[in-house]
């Protein structure tokens, strides 16, 4: 859904913070889309007495940003203030909600905010038909609660490996397809009624009006899946991202890339920016948002890794200069030509999971310095063929 620009918008929104024994950074980019429909939440210290809890989420809007933006501001409140979430507090003896009350309260919060937004005039009268996925993690001192509604995704890296990931809610999944068909719908070209690419979402009220069916039995359900994981010393980091990231990187590729970048920089905004840029250069045509939450055992900056990365940058700079000097007699080559030549070479120590796309910013900088009057497109469309093997 959504139209494309002639040239991607590569300006980024960034934020970072720390507390409760963790650090976070985030980055979002509009990219090739005509509108920016992503949103996010990052809260260290949850209100109403949960100061040692944190909450992070990414929302991937479609058909507009109304639902995504509202959820980014109000979903946490709907979760933490409903009676199910606070069930353990009724006796007054429990300082924190139980695991089961948290899971139930998260589900209730999603259903309540979805019901609440339905009454907004622009959503009720059909002037706004937007919807949004939501993927998040609520971190308590003892547990992580992973939350997913739609096809954004969260992954946990522990002991250097992906040890958990949420499951995308796609219409072709058997459980999702059965619900859609029971509600009188169909799955065509892997979409709900041939149109919507996700089977669970907030908003999307055009798909939630089947008489005699409850809110979780509609063509599109607002019910999240909630997973609890006991925290461990080996936990390194959590990545939350929209499908603009996952469309071009697997769980393992993204975690390998993040690990390698954490070894050369402790600036989490920079690491997230590298993720977004790399995905753009790998061919992503969607809005892109990523939130990185690092625990105390996350990879640390390594002198050896920094040296290796610096040597790689110098090698790439030298090769770009050589390619452009050699081609100069026939006219200055465009950036895509330079990238195609480099992609055919066996270049050691490229960022794992990112490949040459993970170093395009270095190549672009040299190219622009040597050819300042050439307009770099900053995009990925001209590189998809040359980078397909990376």
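Just so you know, glycine gets a Cβ as well, placed from its N, Cα and C.
In the record from Swiss-Prot, residues 243, 286 bind Mn(2+) 2; the candidate from 51, 60, 84 listed for the same site is 60.
Its own atom aside, the Cβ of residue 243 (Mn(2+) 2 binding site) has 21 Cβ atoms within 10 angstroms in the protein chains shown. According to DSSP, residue 12 (ISG15 cross-link) sits within a strand segment.
Contacts of residue 286 (Mn(2+) 2 binding site) defined by a Cβ separation under 8 A and a same-chain sequence distance of 6+ are given as 31, 32, 33, 242, 243, 244, 247, in order along the sequence. In the three-state DSSP scheme, residue 286 (Mn(2+) 2 binding site) falls into the coil class.
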